[in-house]
2 protein chains.
Amino acid sequence: MQFQLTDELIENVEILVENNNDKELVKLLNEFHYADIAEILDELDLDDSIYVIKLLDSETTSDILTELDEDTREKVLKNLSAKEIAEEVEELDTDDAADIIAELPEERQEEVISKIEDEEHREEITELLKYQDDTAGGLMAKELVKVYETWTVAGCLRRIRGQAKEVTRVHSIYVVNKEEKLIGRLSLKDLIVAKNDQKIADIAKDNVDFVNVIDDVEDVAKVMAKYDLEAIPVVDDSQTLLGRITIDDIVDVLKEEAEKDYQLAAGITQDVDSDDSIIELTRARLPWLFLGLIGGVGAFVIMEGFQEAFNQYAVLFFFTPLIAAMAGNVGVQSSAIIVQGLANDDIKGSINRRLLKEMSLATLNGIILAAFLFLFVWIYIGEIDKAIAISTSLVAVIIIAGLIGTFVPLFLDKRGIDPAIATGPFITTSNDILGILLYFWIAKLILGI
Amino acid sequence: MQFQLTDELIENVEILVENNNDKELVKLLNEFHYADIAEILDELDLDDSIYVIKLLDSETTSDILTELDEDTREKVLKNLSAKEIAEEVEELDTDDAADIIAELPEERQEEVISKIEDEEHREEITELLKYQDDTAGGLMAKELVKVYETWTVAGCLRRIRGQAKEVTRVHSIYVVNKEEKLIGRLSLKDLIVAKNDQKIADIAKDNVDFVNVIDDVEDVAKVMAKYDLEAIPVVDDSQTLLGRITIDDIVDVLKEEAEKDYQLAAGITQDVDSDDSIIELTRARLPWLFLGLIGGVGAFVIMEGFQEAFNQYAVLFFFTPLIAAMAGNVGVQSSAIIVQGLANDDIKGSINRRLLKEMSLATLNGIILAAFLFLFVWIYIGEIDKAIAISTSLVAVIIIAGLIGTFVPLFLDKRGIDPAIATGPFITTSNDILGILLYFWIAKLILGI
């Protein structure tokens, strides 16, 4: 059953396009889900993609448009007239329609909007475009099923038949009072199992979850995941019902969040994927590498500074990659645990307690690792004073690295900065330098140089 | 509206428990969602938690149980009798019930199952326990609304009223033939807008998505996210309808996947969170740190091996942390992009094309970074031959690091091993060693030592 994007299939489509064999092409593509057709178009040349888009009916192509890669979509939209885009947008739910229009250059946005024939749709999209991308308003759709508390079940069912035709999936029926304020909810099931002459007010559940239109999408995702909600209504400050967010949009938010955090931890800024151009990938990766370079130059300067003091102890320099690696690894581990805890709202209690815990943890790990290093140095080099100096420094370096890895993301979070930035290269680089500095300083102290 | 877990609230609950003030306690807790009560119980002493669990009615406590931290739940279940657990389980949907029973020690599992009074529920749970955790069968629930193709809309609505009472949310109505094989689907909406005397076979949609009971949960998640499904039916090899998976379970799968990959990239094995004990955290973190230690010792041995050759070039040793850091960073970046691409099925085309692209990318990044390093060394140390040697090595190290970061996850994936293992400490450590080796080798060549 699973769709497979094969080279053969793409070739097949290309040949049909080349031969203008519209009938066969439509027949072939109609077998696939629009998300699959989008995957095919992402692989085709732009001209071929546009040929297919213009060939299929707008009910399908509008859905395909929402599923295309952003780059492909941008190129396709450039090749469609404002009127054509407006026709696609007419077929879409308001949230998807607004997302597509928002990607257009500003002057085109107005042109496309003015060409949308359905007045209500036009107004709703215009409203949605006002909200920030990363807020509940930016994610919500205007399509929902709304009933008034004063209606009866029978009357409600009758009117819902009208509203529901426009709503792809009815998750919840929202109950409002005559001022349009959200006061409860109902499921279709509740309605079906209720008696025809019951009042909506009597069967509605009044403990309805909702979010404010300016709430952050990450918070919306948290609420929906925590309470296992499949849709949540969106209201303004006066509790007026404005729209609703469905779980499929939240799944996308969660995936994007996870990818962003993962990339930040790996030292990649900007949302890139493996198929992006070399220039885009360089722009996302070079800044962090440059940070690493600066850190390496810092390490060089520190080591050079200790050169004379350690003239007789050249062997100590050979452990700097080890020290740097351990400081980096411990720092990344600690910061990752904290970043994830912050994302899940798991971080309770004071910063001091956290730091104390990380210190105990780092001490335990440090002592175990230092014991091995001590044995190695002692057996391999045969000088116990050096073995003591190196392994003691390692414990200190690991403790400090753990504390920095814990403190920095907590600090950033308190200041309202995304703590995910603190993982990866940032922590690694600062811990590298600090670790090496600490290492030589402690070794110097112990060896009495 | 948002629930806030405050110290005050927890104290309040503790005082009510201490004073055996059951009436006030029930009144207070009934205001909260079960997911919120679970958060409160996670913070209480075990005795207090059990007091609350025994106090509230099993309809609420069964839901609370599913939301507790795994550690807390294990402790609570230890303190409940088999009969008490069976009563909780009776209230739950089959998937949640099976999950809870699966966590019990084996001998208790049978005891609890034998105490479940509802025979159908007992049999369904026993069936679900047979499936692997990470398969569609391990995730699915038996609760679903099923209709036969031969029914009429009116008959269907009548019977659905019976079935739907047991199903929390009706996503789709699954249509089967008389051999119980899945042949289509319907939405409640379709049913409501249809005429009473229409046959189900005539209004059912026959392009129904489904997964096989042995499919991997990650694949199920991909299908549901791609096609924006809120529920998907599960069938066996003969297309017999066995159960259904809902999107809220998929949200949990996606979150767990993302956390696991993130932790692997940070060098943390096993699923731990910031509130786990120091022993658990050490067990998750120490193996990777040990790997780093071995890598550091390897770097030491390499540097020692080059000691004599570079007797007159001590300054070169001071750049090893820089070389190691760059090799590590580039490797992590490349592998992260590949791991993420593999997770999203974005990696198309041959390995060779990937490696070529990464090589171009690494060359570009390498040359830019090497230019800066060249200037620094030239100006700071004032010897152009060293500046050339160091910066040329850097370019080579970055290219090789990028290739290893690209190749290793692709290779692991081809061999059926989770490529996420290849990110983080694994790539960093191997690139550290290889980078340093390459650095001295190239420098030696260029400086003609």
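Just so you know, glycine gets a Cβ as well, placed from its N, Cα and C.
Nobody curates TrEMBL annotations by hand; they come from automatic prediction.
Annotated features, as they stand in TrEMBL:
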type     : residues  : note
DOMAIN   : B:140-202 : domain 'CBS'
DOMAIN   : B:203-260 : domain 'CBS'
TRANSMEM : B:286-303 : transmembrane segment
TRANSMEM : B:315-339 : transmembrane segment
TRANSMEM : B:360-381 : transmembrane segment
TRANSMEM : B:387-412 : transmembrane segment
TRANSMEM : B:424-442 : transmembrane segment
Limited to the domain 'CBS' (B:203-260), I'd like the whole-number average of pLDDT.
90
Could you give me three numbers for the domain 'CBS' (B:140-202), the DSSP helix, strand and coil residue counts?
21 helix, 17 strand, 25 coil
For the transmembrane segment (B:286-303), sequence-distant contacts whose Cβ falls under 8 Å of one of its Cβ atoms, 6 or more beyond its ends:
267-269, 317, 320, 324, 424-426, 428-430, 432-433, 436-437, 440
Mind checking which residues of the chain, 6+ beyond the ends of the transmembrane segment (B:315-339), have their Cβ under 8 Å from one of its Cβ atoms?
261, 265, 299, 303, 347, 354, 358, 362, 365, 369, 373, 381, 386, 389-390, 393-394, 397-398, 400-406, 408-410, 419-420, 422-424, 427-432, 434-436, 439-440, 443
For the domain 'CBS' (B:203-260), DSSP counts of helix, strand and coil?
25 helix, 16 strand, 17 coil
